[in-house]
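For reference, the structure is listed below as structure tokens.
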Amino acid sequence: MTQTWPFLHNAQSFIQENWNASGFQKPTPVQEQAAQLIMDGKDVIAESPTGTGKTLAYALPVLERIKPEQKHPQAVILAPSRELVMQIFQVIQDWKAGSELRAASLIGGANVKKQVEKLKKHPHIIVGTPGRVFELIKAKKLKMHEVKTIVLDETDQLVLPEHRETMKQIIKTTLRDRQLLCFSATLKKETEDVLRELAQEPEVLKVQRSKAEAGKVKHQYLICDQRDKVKLLQKLSRLEGMQALVFVRDIGNLSVYAEKLAYHHVELGVLHSEAKKMERAKIIATFEDGEFPLLLATDIAARGLDIENLPYVIHADIPDEDGYVHRSGRTGRAGKEGNVLSLVTKLEESKLKKMAKKLGVELSEAVYAGGKLKTK
């Protein structure tokens, strides 16, 4: 494959070796399309579904462009949550193996003094949450004048009011000729408008999941009364091989579902945005080990969550279009098989069908009978 993907063919040996060791056969469409644009120094705004390899799409060219002999930060990657920052940081750590490049993670809630010590080791790449990165810039601990590239991961979240001004301030601390790379699973028009103001003549990439990949994720819905959704979740939890990330609308609903399911002796984990970092990590690790079938979460709590080979996503409460894309993208990642189940009332059925049609999702009705899930 190194011969047919120009970027990889021309990349430094450590990138080629790590690629060969990864077992990847070929780049995903977003990786292939973004690499050359980034190498050419262009600003990029990219939309590509969750699970299509967006992190590597920018990480590999960013690693390729770093000059190890220069001792200052050359790339800053911003992400909206601590979990996502740590995931991206791990990707950078894995793919810089065999090189002299150094990276540091800067997240809120962690010890500032330790982070300042990290910066004294002259990392080439910074991965961080906007609040903590800006705090260290203001404290003159993080120097931005030599930063050549800024990456905004999950851009749709970074332009929300709670992050937008901080993100803009961080970008303003760099020189005008810096490169801006924006990657997101969904790209609303207002998000794109904000980014166009910040970027310089950006190339806009909109990559769809291939038909073959999309076909590996089965989208189904089950009809029940609102009051029976807990009972249905209880039944689904007993399906063979059931391991599902169950999305609910808000923290109030989360508590209601969790209490009722626990009352019926359903083993589950609960992720809410107020959970402590260690507590979250423990719940996620236990779920990944298959200790319980259902992990309940709100959209905010699940930000940056990446569970490998997750077989099911369940929408206990119906989201909007962007929410459906983000949530459903947690299963069937990197071309693997997956299942998306929506629990809907008769009234919600038409809303779901309209949404599926707009998103180009093939949807079928299913029923739970005889301990199995059957297509109606």
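Every residue, even glycine, has its Cβ placed from backbone N, Cα and C.
The domain 'Helicase ATP-binding' annotation in Swiss-Prot covers 35-205.
Just so you know, the Cβ of Thr50 (ATP binding site) picks up 20 other Cβ atoms within 10 Å once every protein chain is counted. As annotated by Swiss-Prot, ATP binding site applies to Ser48, Pro49, Thr50, Gly51, Thr52, Gly53, Lys54, Thr55, with the evidence given as sequence analysis.
If you look up Swiss-Prot, you'll see 153-156 marked as motif 'DEAD box'. Proximity of distant same-chain residues to the motif 'DEAD box' (153-156), defined by a Cβ-Cβ separation under 8 Å and at least 6 residues beyond the stretch ends, is recorded for 45, 54-55, 58, 77-81, 84, 88, 182-188, 191, 195, 303-304, 322.
Annotated domain 'Helicase C-terminal' per Swiss-Prot: 231-374, in sequence order, evidence recorded as sequence analysis.
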Within the motif 'DEAD box' (153-156), residues counted as helix, strand or coil by DSSP:
2 helix, 1 strand, 1 coil
So among the binding-site residues Ser48, Thr52, Thr55, who's got the most Cβ atoms within 10 Å?
Ser48
For Thr55 (ATP binding site), just give me the three-state DSSP call.
helix
To test your reading of the ATP site: which residues beyond Ser48, Pro49, Thr50, Gly51, Thr52, Gly53, Lys54, Thr55, same chain only, put their Cβ within 8 Å of the Cβ centroid of those residues?
Thr28, Val30, Ala57, Ala185, Gly329, Arg333
Counts of helix, strand and coil residues, the domain 'Helicase C-terminal' (231-374), according to DSSP:
56 helix, 33 strand, 55 coil
